[in-house]
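J.: Before anything else, here's the structure in question.
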Amino acid sequence: MYCLGLMSGTSVDSIDAALVKITGENVDLEIELLSGINHYYPEKLRQTILEVADGKPLSMERLAELDEEIALCFVEAVNKIKQKYSTVALIGSHGQTIYHRPPFKEKLGYTLQLGRGEIIANLTGIPTVNNFRAADIAVGGQGAPLVSKIDACLLSHPQHHRCVQNLGGIGNVTYLPPKEEKNWENRIIGWDTGPGNILIDLAVNRLTHGEKTYDNNGEWAAQGNPHSQLVEQWLKQGFFQQTPPKSTGRELFGEAYLEQCWQDAQVYNLSETDFLATLTELTAASIAHSYQQFLKDPIDEILLCGGGSHNLYLKERIQSHFPSTTTVKTTDEVGMNSDFKEAIAFAILAYWRYVSKIPGNLPQVTGAKQARLLGDIHLPLNS
């Protein structure tokens with residue numbers, strides 16, 4: 001079955017569209033990536049999304065308009081794929097997160113992804129699954145990370161302890177025990193590790209007055225020196241001490257957090273390059289800190305994916321926190337495209353919801369009280 005996954009993350013850099021051929025049943029799947037593209041938001045729309053995600057108030061009327069505008073951009077991404085592949089049978093659309101609140105004590109969490117699935121289905125003529133996180137949250141889960149079950153299916157190793165570390169705007173990890181070990185499936189865990197690219201990207205945007213949006217290959221940060229005392233200070237923040245299940249987003253690690261980091265850096269008179277190096281070090285150190293706190297077994301391989309996997313300086317800094325017996329590489333090196341891995345995941349989640357009708361979440365990862373079917377199904381007109 002030809003399934004198209006659509007994903008736009010907290011960085012709001014583009015809509016990732018990945019067309020995959022899925023064969024097999026339930027969790028015994030084979031995946032072939034046929035096409036992957038990045039479809040960019042118009043800059044004005046992107047800025048609006050970022051402002052809303054950072055807490056700018058807007059009317060319900062404007063929210064409804066924004067929901068539709070985002071859906072139409074997702075439709076454009078689908079149509080680009082359809083120009084070459086007319087046999088797309090199913091769409092899994094994550095949508096665009098503009099708000100995420102983890103559960104707290106007895107209070108359920110809440111999440112809001114814009115980009116109406118019914119519009120995508122009707123305008124493309126393809127059944128569409130969206131709103132994947134809500135069902136997990138409704139039974140007490142974090143609604144994230146949702147990729148862990150897919151990581152287990154596609155990236156587990158018979159003998160190696162692996163961590164699949166996504167480096168999108170926010171970082172998240174899936175720990176995969178060796179498949180040959182007893183009850184390995186029940187020992188899979190995952191959580192959000194903290195900032196991935198988000199603080200680095202926001203800082204680059206600030207320092208270049210909007211001319212650049214990311215640090216290409218980490219070349220700018222690599223010219224500086226990270227300030228270890230400042231990193232240690234930042235790691236005392238409450239989220240880094242919180243035990244999994246846990247999730248986060250721009251609500252915590254956004255513009256306001258960057259401003260506080262900037263003010264902290266002024267105390268030490270850091271240069272721009274040292275500031276970027278220190279933010280990069282925070283991402284690397286928070287990952288290492290997280291593993292050391294919450295994982296019992298030594299890790300054989302760390303598999304990086306997402307936009308940050310291209311940041312060579314970040315990759316180097318992550319490796320520096322682990323012994324030489326732990327290999328840091330990208331998922332590309334084990335056969336999984338690192339740029340489109342998240343989009344591929346939502347194609348699979350849609351397949352599980354629409355075709356296999358099996359749960360997509362792992363309760364031990366999200367904290368949900370039970371496994372649930374994830375996503376709302378939207379059928380096109382006249383179907």
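Positions of Cβ are set from backbone N, Cα and C atoms, glycine also.
As the structure is a computational prediction, the values presented were derived from the model and not from experiment.
Straight from Swiss-Prot, here's the annotation block:
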| type | residues | note |
| --- | --- | --- |
| BINDING | G9, T10, S11, V12, D13, S14, I15, D16 | ATP binding site |
J.: Mind telling me which of the binding-site residues V12, I15 has the densest Cβ neighbourhood, counting other Cβ atoms within 10 Å?
T.: I15
J.: These are the binding-site residues: T10, S11, S14. Which one scores highest on other Cβ atoms within 10 Å?
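T.: Of T10, S11, S14, the one with the most crowded Cβ is T10.
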J.: When a 10 Å sphere is centred on the Cβ of G9 (ATP binding site), how many other Cβ atoms does it contain?
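T.: The answer is 24.
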J.: Note the Cβ centroid of G9, T10, S11, V12, D13, S14, I15, D16, the recorded ATP site, then list each other residue of that chain whose Cβ lies within 8 Å of it, in sequence.
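T.: Going along the sequence, the neighbours appear as M7, S8, G168, G169, G307.
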J.: Please give me the CB contact count at 10 A for D16 (ATP binding site), counting all chains in the structure.
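T.: Within a 10 Å radius of the Cβ of D16 (ATP binding site) lie 26 other Cβ atoms.
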J.: Run through the Cβ atoms and count how many others sit within 10 Å of the one on D13 (ATP binding site).
T.: 19
J.: For V12 (ATP binding site), just give me the three-state DSSP call.
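T.: Note: V12 (ATP binding site) is coil by DSSP, not helix or strand.
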